[in-house]
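What TrEMBL annotates here:
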type	residues	note
BINDING	Ala10, Gly11, Leu12, Gly13, Thr14, Val15, Gly16, Ala17	NADP(+) binding site
BINDING	Lys107	NADPH binding site
BINDING	Glu192	L-homoserine binding site
ACT_SITE	Lys207	active site, proton donor
DOMAIN	355-437	domain 'ACT'
Amino acid sequence: MAEALRIGIAGLGTVGASVARVLRDKAAELTRQCGRDIVVTAVSARDPKRDRGVDLGSAKWFDDPVMLAEKADIDVFVELIGGDDGPAWSSVKAALEAGRHVVTANKALLAKHGVALAEIAERKGVLLNYEAAVAGGIPVIKTMREAMAGNQVTRVFGILNGTCNYILTRMEAEGISFDACLKDAQRLGYAEADPTFDIEGHDTAHKLSILTSLAFGTKIAASDIYLEGISNITQADIRAAAELGYRIKLLGVAQRTDSGIEQRVHPTMVPTASVIAQVHGVTNAVAIETDILGELLLSGPGAGGNATASAVVGDIADIAKSRPGFQHGPVFGWPAKELKPYKKAQMRSHAGGYFIRLTVHDRIGVFAAIAKRMADNDISLESIVQQAAGAETEAQKTVILVTHETTEAAVRKAVDGITKDGHLTDKPQVIRIERAE
Ligand SMILES: NC(=O)c1ccc[n+]([C@@H]2O[C@H](COP(=O)([O-])OP(=O)(O)OC[C@H]3O[C@@H](n4cnc5c(N)ncnc54)[C@H](OP(=O)(O)O)[C@@H]3O)[C@@H](O)[C@H]2O)c1
């Protein structure tokens, strides 16, 4: 049997402790599958006294993860600290420079430094595996990087943040407000004390930026993503969506267009009958559209100790099975030095259907004025309805418009015009509609 693969784990929190536990509990199966033992020989965290709920046996303790990365007797450095800089960045870089394979679950780190780290890994001939960084336990990286060779991806989109999907699911199922839902999600541990990063779409954007690079062979461009969170979604939107045959989801979407690549994260209406609309609660899903395969949808647990550990252990097992000269290819599917610069498509040229909800003064002529603004901007309407129920007061009414395919620029111009006309009593709501099977 080959020599044991020696693992160093930096970060022993939710994911790190779960990884240590799975490696211990599944040792016999992993040895049979990989043809060698996998042994944790070194660990690092902040507090050496904290009970991690798993016996770390004879693993050597390091206060400093960089020292572990550089000096420990390990073959693989597993980074489960988190954060886009600081100890995660310096230790992963040090491990790769020292010629050690790296496994990480850290999307923030890859969104910021992924290309630089991939260049080091490829230069050193070591593996940088990061399955758990996108959609937790769902094997989307492997699928895109290895199982779809030869396919040209046209669009990749998904529900990549369990907190947002949990909130939107409960808002729809129970008719409660965003704020009430968020408070409950925090109480139940599904949302952070400071939820901004999740609900404003930043976490989804980090994951999307990695998928974009894999899909289109471009450099990661996480700061070039159009971003809108879910905090302004109301019960009125959710009810109107349901009446029209749609469900609202926070999607990350990357799409090839004639003018470049669109990367956008925003609340999106998807047809209620589509597969992605059936993804509820904290579950994640990723849809990949390609020229050869058509549309593939992967769904499953996107977070949590065990689900994330499953992906991390899968990455470790791949390294245990790999032999020099027989590895799974470049980190982002294409050699890092050949990744193309990211050419951003302007959001204003995004084309698609739109849902527009307007709260207007209940006056004669308002309906006609709205229709005229739409026509003036060449927007063809699938429907325009004045809601009898749901209107907030006697003096105001709700008007819901659904457009056929048009551009973001046209919609913004039309809505600006309606706002200037002075008919609105509240902020207009615009939600993009996404085609989904
Ligand atoms: N949790 C999930 O469901 C999930 C899902 C997918 C991906 N991820 C990713 O997995 C990574 C870890 O997440 P987590 O939820 O496990 O985080 P966590 O529970 O907060 O654990 C972080 C660990 O890092 C250690 N740490 C912090 N600063 C350190 C330093 N300077 N030196 C050494 N160790 C240090 C902490 O030590 P102490 O314990 O001593 O404080 C802790 O053990 C993140 O990149 C996250 O984005 C998490």
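Every residue gets a Cβ built from N, Cα and C, even glycine.
TrEMBL does not curate its annotations; it predicts them automatically.
Overlay of TrEMBL annotations on the structure.
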residue	record	contacts (Cβ under 8 Å, 6+ apart)
Ala10	NADP(+) binding site	Gly16, Val43, Ser44, Ala45, Phe62, Pro65, Leu68, Ala69, Phe77, Val78, Glu79, Leu80, Ile81, Pro87, Ser91
Gly11	NADP(+) binding site	Ser44, Ala45, Pro65, Glu79, Leu80, Ile81, Gly82
Leu12	NADP(+) binding site	Ala20, Val43, Ser44, Ala45, Arg50, Arg52, Leu56, Leu80
Gly13	NADP(+) binding site	Ala45, Leu80, Gly82
Thr14	NADP(+) binding site	Gly304, Gly305, Thr308
Ala17	NADP(+) binding site	Arg52, Gly53, Val54, Gly305
Lys107	NADPH binding site	Tyr130, Ala133, Val134, Asp203, His206, Lys207, Ile210
Glu192	L-homoserine binding site	Thr163, Gln186, Asp198
Is any of Gly11, Thr14, Ala17, Glu192 (binding-site residues) within Cβ reach of ligand 1, i.e. under 6 A, and which?
Gly11, Thr14
Taking the centroid of the Cβ atoms of Ala10, Gly11, Leu12, Gly13, Thr14, Val15, Gly16, Ala17 as the NADP(+) site, which other residues of that chain lie with their Cβ within 8 Å of it, listed in sequence order?
Ile9, Ser18, Val19, Ala45, Arg52, Leu80, Ile81
For the domain 'ACT' (355-437), give the DSSP counts of helix residues, strand residues and coil residues.
24 helix, 31 strand, 28 coil
Ten-angstrom check, please: count other Cβ atoms within 10 Å of the Cβ of Lys207 (active site, proton donor), all chains counted.
27
Close in space, distant in sequence - Val15 (NADP(+) binding site), Cβ under 8 Å, 6 or more apart:
Leu80, Ala105, Ala132, Gly305, Thr308, Ala309, Val312
